[in-house]
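*Asks:* Dropping a structure here in structure tokens format, bear with me for questions.
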Amino acid sequence: MLDNVSSAFFVVPCHNYHLINDLLLSSARSKSTAKGLQLHGYIVKSGLFLIPLIANNLINFYSKSHLPLDSLLAFEETQQKSPTTWSSIISCFAQNELPWKSLDFLRNMMAGNLRPDDRVLPSATKSCAILSRSDIGRSVHCLSMKTGYESDVFVGTSLVDMYGKCGEIVDARKVFDEMPQRNVVTWSAMIYGYSQMGENEEALLMFKEALFDNLEVNDHSFSSVISVCANSTLLELGRQIQGLCIKSSFDSSSFVGSSLVSLYSKCGVLEGAYQAFHETPVKNLGIWNAMLKACAQHSHVQEVIELFKKMKRSGMKPNFITFLNVLNACSHAGLVDEGRYYFDLMKEEYRIEPTDKHYASLVDMLARAGKLQEALQVITNMPIDPTESVWGALLTGCTLHKNTELAAFAADKVFELGPVSSGMHISLSNAYAADGRFEDAAKARKLLRDRGEKKETGLSWVEERNKVHTFAAGERRHERSKEIYKKLAELGEEMEKAGYVADTSFVLREVDGDEKNQTIRYHSERLAIAFGLITFPADRPIRVIKNLRVCGDCHNAIKFMSVCTGRVIIVRDNNRFHRFEGGKCSCNDYW
């Protein structure tokens, strides 16, 4: 092959277009836009654009260079549009996040009496998946049946992927089961679909089936199943699958690396997340974002800022997820000025329009810092309608700073939006109860009951030898309950000697003092920690996962537990991680 494009121009006769095609394909693979543009100029001057194959390769070149409008120009300049030409432009729009245009061109193609084939139909289903429009996807599915492509492995796989991403997991499984032939991408799509729906056991079963069928799973398969382990906080199983990745040489994949970072982070092993990040040789945007999120959740705020700087220096362009992670980190640490800086940087330098999640993070940061009126001003001036999450962030800040009047105002605004989550009713109830307004708190809970809903039960769980032990406040159903409660009683005496005094203001019910003491003493996270103390070796950190926010008294109590036992205790609540060691918490009591 010639060293550069310009030298090729002097040796290629007009009738010999094979080298031009090869050079176009090479430019598309290497995403060498400058060389591709030179080639396009030469093609136009020599009249080679009249040849359908060259026109198709031009469309694909611009598509892979993320220049879909230039692909469209090349398409429009093509005089003889073959099925492959239509396939190229429809695929271009699907690959470049222009799903509506992809579907529009499919309609135009069919209006010209051209039948879609096994290359067009997957692009159409991909567009439906991007739009989360399973209704249109069903029409494409019917079209594949009418044209006889429903048994094609690529069309079938795209349908499985589409139904899975649209949340229609039953339909995805039906297509999967009826496929006469499946490949590794089909299995990966099905595993991913289950994991996205939170059906983690089904996802793991699918992965085991794939292994039993001796299927050579790829990095996307491993990535999906590691994500399942991360979401279920199954650290030991995740480590075993990581071992399979290493044996299969997929440990260097950026997709696997991203999933491993999330696995270790969500299981409270931040050092493992760092290691997975550093050992991934080629870092895509996903792994940078995963590491930023991990550091933010573990209160490593300075590391978040340094990572962001390194990411920019590496040439990686941050996206809206990147800035959301940075804003959340600033919110967790009360870094208001830094948070404002990154919010403005996102808009002004990177031209990224903030979503409701970005505004919710900004409001949360201001409200937690006690700047409630400033947070309200942000909501008032938002260019988009405030969502439940935005008002909820203000409500949380109001509860922390005991401003029940503004909390009630925020709650009213949420209820104006229509049906809201049960958590919003509970937040308002807690705000009233914290202020001693128990009658109002009861009314808020009654409103929740009238809607046929109930408060989410507070649960904590611990993994031990691939088995998850789950605890609810005050329950005694665990097989080692007697030992757990005995350990808590012994530890309680040591804690009181060390200066611990229970703060019963966190019992948000109107009961007497003795009952409050008993209620708060046996919260689910304390039972889980006691189980860890009687089960795990002394040098092993105790990692507890909790589905709700840890209460203020438990947070204080666990600091005393870490002193009295000399153990490292890591608690992940519904928002962040708390690492307790030597009587201190990594959140610095700001959460």
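Each position is counted from 1, following the chain as shown.
Each Cβ is built from the backbone N, Cα and C atoms, and glycine gets one as well.
Curation does not apply to TrEMBL; its annotations are automatic.
Annotations for this protein, taken from TrEMBL, read as follows:
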REPEAT    82-116  repeat 'PPR'
REPEAT    152-182  repeat 'PPR'
REPEAT    183-217  repeat 'PPR'
REPEAT    284-318  repeat 'PPR'
DOMAIN    499-591  domain 'DYW'
*Asks:* What same-chain residues lie close to the repeat 'PPR' (284-318): Cβ under 8 Å, and 6 or more beyond its ends?
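*Replies:* For the repeat 'PPR' (284-318), the nonlocal Cβ contacts are 254-255, 257-259, 261-262, 264-265, 270, 273-274, 277, 325-326, 328-330, 332-333, 335, 338, 346, 350, 572, 576-577, 579, 586-588.
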*Asks:* For the domain 'DYW' (499-591), give the DSSP counts of helix residues, strand residues and coil residues.
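*Replies:* Here the numbers are 38 helix, 16 strand, 39 coil.
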*Asks:* From the DSSP assignment alone, can you count helix, strand and coil residues within the repeat 'PPR' (82-116)?
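*Replies:* The counts are 26 helix, 0 strand, 9 coil.
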